[in-house]
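Features of the protein shown, as given by TrEMBL:
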BINDING   Cys63, Cys66, His67, Met186  heme c binding site
DOMAIN    454-624  domain 'Protein arginine N-methyltransferase'
DOMAIN    767-929  domain 'Protein arginine N-methyltransferase'
Amino acid sequence: MLANISDKQRGLVGALLFALDQSVKASDLELHPPKHPWSHKGYFSALDHASIRRGYEVYKQVCAACHSMKYIAYRNLIGVSHTEVEAKAEAEEVMVKDGPDDQGNYFNRPGKLSDYFPSPYPNEEAARAANNGAYPPDLSLITLARHGGEDYVFALLTGYCDPPAGIVLREGQYYNPYFVGGAISMAQALYNEVLEYSDGTPATASQVAKDVCTFLKWAAEPEHDQRKLMCIKISRVNEQLQHKYMTVGRAVCHLTGLKDALQDIRDTGIDVILDEASNICAATSLEIDCFFEEKRAKKRKRLTLEESEDTLINLRLLIQITLRRMNTVFTKKINPVTGKLEWEHQDEDYDFHQEIARSAFADMLHDEERAFKPMAECALKVIKENGFSKQIHLIPKRSTEITLGEDGDMKHRANILVTEVFDTELIGEGALGTFKHAHEVLLEKDCIVVPSSASIYAQVVHSELAQKWNRLSPLRDNKRALNLLDIPSSITNCPGAAAVHDIQLSQLPEGQFTPLTPPFEVFRFDWCGGTPLVFRESTTKCVQSTQDGVAQAVFMWWDLVMDMEGQVTLSCAPHWAHASSPQNMPWRDHWMQAIYYFPREVSVAQGEELTLAAYHDEYSLWFNLHKDISRTRIGSINNSARNQKYLEALREHMTPDSVCLCLGDGNLLGIAASNMGASKVYCVERNSLTSRIMQEFVEYNRLQDKVMVVSSVDHLDNDILNKVTVVFGEPHFFAALLPWQNIHFWYLKDKLSPMLPNNVVLMPRGATLWAMPIEFEHLWKIRAPLHLVEGFSMTHFDKLIENSCSVSDTLVEPQPLWEYPCKMLGKPFKVMELDFTNNLPGSPVENTGNVRFEGSGTCHGVSVWIDWDLDGDPKHIVSTGPVQPPQINQTVSWDMHTRQGVYFFPEHHPIDSTHPLSFLQYSCSFQPEDGEMHFSFQMITFHELYDMVKIV
């Protein structure tokens, strides 16, 4: 398509693309990684080859399970990190498919030096199927393919943390502020001692990340060291050539040619540029130099100023044309209900609005890691609106980027520091590095620091409830007093999760845990600089057990001492350890408490001396743990009362001739059907992780002859499906975020219906969506405008957040309501009933109605949940909502192992139940084509009706 464009014009197209690329880099719409002092960053610095070797070990033992490096061969290791003998031995450890041989057959052979690193998956589809639709990228060129290079990769690998308030992640997703959008499908892979280095180097998380980043830097640029050597040799020659050729006359010639070429390119159409961009990248370097030479020529020769401005006008025009053509944003997602891969149209500033909306109406107002350009602009408006423009000077930078001096951001060091850079783990947002840099660069020696210090507290506990979020228990049939499924030893010995389990400990029901020790301090940090801050630290604390029990977990929280005298303390302690009464405790959702699980349970006796080992690095605390399945899901699987309903329903439909088809993710109950009389069970497990776990259960319980685990319904032929007598699902799918999104079960059943017998038993046979108006004690604050903060008007901030939430947030969001006390203001009402025994409807289904408010208070929103009807028997209904019948104006007890949906009202009105004209108007629409449930709720109060009558 560019056949009629000259080589010069091709190069200038590259200059335009380069400029556009730079503009995207400067957009400041995502958290940029900090720059690290890599040993190879200097002009005359080579890569650390010992680190490359260690990085290869990290890739081989950790990363290679999911990521390929298809452009790196084993021969490339020779002379870089390995000898020829060592590289050959590495290659021979893998089996490579080769052939055909003389008979036309393919065969496996040991690898050779010429072989490239093997891929963990045969194709992209298999990779996506194994990773919930996400495609693990090839790592060969990853440091070149990502802005920030190795700094970005390092930040991503070490940047996992708790999601900020307002962000709810899907099953199988994790929060990482350095990843665009924050939600990433790759679990945290690097922990302390995740592997043992062959050279004995301590394998801390940061050391492991540093080494693998160095290895990836070499993989992307194997010529790195040679290039720098060559640069040294030709630097003298380059200086002479630059002096000779970079003259004013040549610069003017370049400018004139650039202007004409840009005009020609504009006439050909910008789509040509986009279509052929990949073909011209190699020809851009000279013309890019010309583009920047225009700026230098403008400074050296005033006579070329007019031509320079003319050229820049043309360039800006082309950029505007390009951006107008590219103003539509599409996001790719797997629809959790239909299971289809979809492209979703979004606002052109979707990423911008999503980042703004994640501030959740200032649940954390002063978050150093989330401070970015739009927030800085909003802060300027707030300062101006409140009349402090002369008194407050805003520096729109991270504190670690602030410069000092007459021409710097600050002319001299400060004598007062006020900051908030904390999370649930206290140090997860980089507090240690931030304070250390501030004392070294920004603060006077005897400065005032607010807060002045912090302490982290721990308490050893016994809690079967907490352990149900961490360990799987045998699946037991209580009526027959026997285990239907025992837990494989590999899963029993799995130590649990390294990631912090943040939770509202004050909401744990009484009697669900037993303290084995009093709370005690494990770490103390002096923010004033008197005691140096240590990035890596371990400590042991000896404490006596107060009673007999089994040590299963550690409850953790922290306190901040706010003033220099130690008179004012901000405590995140739960109610039993807090200085204030439960009624007077401040509520926080951005700072909660946390649970850490021991790798092994330890029996303790009253009065016995216990030794607790605690560790921290720059960003996290840990107890050497590991996990793969979400805690909510583990808790659900361990819910005995729930399991009994499923088992009773299954028992009524199982005969020796039963053939059971199980649809869902992590469906242990389906496997258990084989021990309840079924002759054959087929479990469809699309997730690679749960598929492996299910297979372990099958083999450990010696059910290989009765149970088959398959990765897709497409792997079941008609002969199998024609024999199925029961189709069973809990249902549960990892992609479902809201409980009713698990009706994906209906879509799978509908797909199989033509092949299934007419008399097949479907379980569940249907579902009912319920809703209920509620008054929250505190949760409403995460969606409420600020209005005033310490006397400051926050109108601009409120408008910014509200606008972004309207663009990027859904109307109904998932919340674990058992952690957030709320009261019922009206009886639960049916929103919609779904019958799975019928085929999916061919057109949208709608339901509308009104319900009266029966309680008094302030209605903050509506809770929505789903009940699964297993077989038509009311005793066999499994609910994701209240566990006890709720009472008007009484606190609701919610299911602890699922999330419910919450619709927040933008404005809150008092409800007076004495007026019969106070009611809630609702509508619900189910769209079968895309599986979406659309809800609308509106409060109609007596006062609003009175005002409407007056207007009429």
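Each residue, glycine too, has its Cβ placed from N, Cα and C.
Locations of recorded TrEMBL features on the structure.
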residue: Cys63; record: heme c binding site; Cβ contacts under 8 Å, 6 or more apart: Leu139, Ala189, Val212
residue: Cys66; record: heme c binding site; Cβ contacts under 8 Å, 6 or more apart: Pro120, Ala127, Ala130, Asn131, Pro136, Met186
residue: His67; record: heme c binding site; Cβ contacts under 8 Å, 6 or more apart: Tyr59, Pro120, Pro136, Pro137, Asp138, Leu139
Quick one: which residues besides Cys63, Cys66, His67, Met186 have a Cβ within 8 Å of the heme c site's Cβ centroid, in sequence order?
Val62, Ala64, Ala65, Pro136, Leu139, Ala189
Quick one: give me the count of other CB atoms within 10 A of the CB of Met186 (heme c binding site).
20
Over the domain 'Protein arginine N-methyltransferase' (767-929), work out the mean pLDDT and round it to an integer.
89
